[in-house]
């Protein structure tokens, strides 16, 4: 039997004996199995080492819609091509861009809002230069690895160091959304760190809303989002720090020196706020409806420039779009009636809220104050009543040392009353509001005057000459709110 097995194994197949073929096949199988084992082992080690190199904080950030682009406030209309968006000159008047950019240059802040330099010629004219002005970035000196295209990526440790371990002494604001801390980055830049509360995933939602609303926009009157932190369940937003309180504090004398704003400072702050809202509503796509415009959300820097903050309730809307919700958000006293009653939201909701802020700045009163007599509880209704009774001079904030001129008061009152018109379609756009506040004339369109004359059956030629008393009466008549 043994000799038979030997004979079988010794048989010749293509020049090789059978036992040689068996050894070769077994060796090949062994080599293949060994190679596969080594490859799998190497792959496991590689995946482990790579996972150890990436900390928890390096998660993939939430995606930001590509349609939200960085758009400068003073971009010329030629950049719009034929897309149908109004140019800046259409929105703010033919001379406004030059005036705005020159003023910004004088303040040393033009790099933050203008894409073109305006150079003065000897003959007084100006030309545009396509080279943008640049200023040092508040993020200069920080590691570049955390730049992901839509803000700076901070680690939890970065922000712990910046805020002294989120010390209570660093708290500058809190609410249902979370807590805001003052901090200093490693390069010395002061920041405001908004730490969102993570209630049932609400932090993720609030984080996404604010990033989508303001992450890629730039305007000198919008508080700038510098970056964010995503680490574990932590969601934080890092904003520029605005160091001079907010409009509400300055209207109530709640600032450090218990001082009140002058009339000129109030108008400057209101114009800046109006231009920022016009930018959000009319210059970017999708437009941004803030939904919580109020005096405490208008921050003030050391040069008394306004900066709109807190975009936690903001809503993105396409062109000519409205949004209907069953959950009305905002602050009582500032919410537009159509939004409060039916949930209909569009940019005219912000216009109404801005009108209430205007009335606050004029009167120094709260939008709703139950400590006052019943006719004076609601600011909007009380002011309409005072205007109808031709007692406009009596509504001015008594804390103003120097009262505004009669024409300035009338102009601002009329602008405010148009903003708080109960019919949203009659409210002006924010670009119109900015023009009204800057104009030296009453914001009564010539077409409106002509229409009123035609309805009364009179013409310009047939109008009798009026003395100053008649003029004053007519102007007070113009102040009467429509539908109020």
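Quick reminder: no glycine exception, Cβ is built from N, Cα and C everywhere.
Pulled from Swiss-Prot, these are the features on record:
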type	residues	note
ACT_SITE	292	active site, proton acceptor
BINDING	172, 173, 174, 175, 176, 177, 178, 179, 180, 194	ATP binding site
COMPBIAS	91-105	compositional bias 'Basic and acidic residues'
COMPBIAS	125-134	compositional bias 'Polar residues'
COMPBIAS	460-484	compositional bias 'Basic and acidic residues'
DOMAIN	166-445	domain 'Protein kinase'
MOD_RES	155	phosphothreonine
MOD_RES	239	phosphotyrosine
MOD_RES	296	phosphoserine
MOD_RES	326	phosphothreonine
MOD_RES	331	phosphothreonine
MOD_RES	339	phosphotyrosine
REGION	72-135	region 'Disordered'
REGION	425-484	region 'Disordered'
TRANSMEM	21-41	transmembrane segment
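Feature map: Swiss-Prot annotations on the structure.
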residue: 155; record: phosphothreonine; DSSP (3 states): coil
residue: 172; record: ATP binding site; DSSP (3 states): strand
residue: 178; record: ATP binding site; DSSP (3 states): strand
residue: 239; record: phosphotyrosine; DSSP (3 states): strand
residue: 292; record: active site, proton acceptor; DSSP (3 states): coil
residue: 331; record: phosphothreonine; DSSP (3 states): coil
residue: 339; record: phosphotyrosine; DSSP (3 states): helix
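Neighbour count (other Cβ atoms within 10 Å of the Cβ, all protein chains): 17 for residue 296 (phosphoserine). Same-chain neighbours of the transmembrane segment (21-41): 13, counting only residues six or more beyond its ends whose CB sits under 8 Å from a CB of the stretch. Highest Cβ count within 10 Å among the recorded positions 155, 172, 339: 339. Neighbour counts of Cβ atoms within 10 Å were taken for the recorded positions 174, 292; the minimum is at 174. Between the CA atoms of residue 239 (phosphotyrosine) and residue 180 (ATP binding site) there is a gap of 10 Å, rounded to the nearest whole number. Rounded to a whole value, the Cα-Cα separation of residue 339 (phosphotyrosine) and the residue listed as 'active site, proton acceptor' is 12 Å. Here is what falls inside 10 Å of the CA of residue 331 (phosphothreonine) among the recorded positions 172, 178, 180, 292: 292. Spacing of residue 174 (ATP binding site) relative to the residue listed as 'active site, proton acceptor' is 16 Å (Cα to Cα, whole number).
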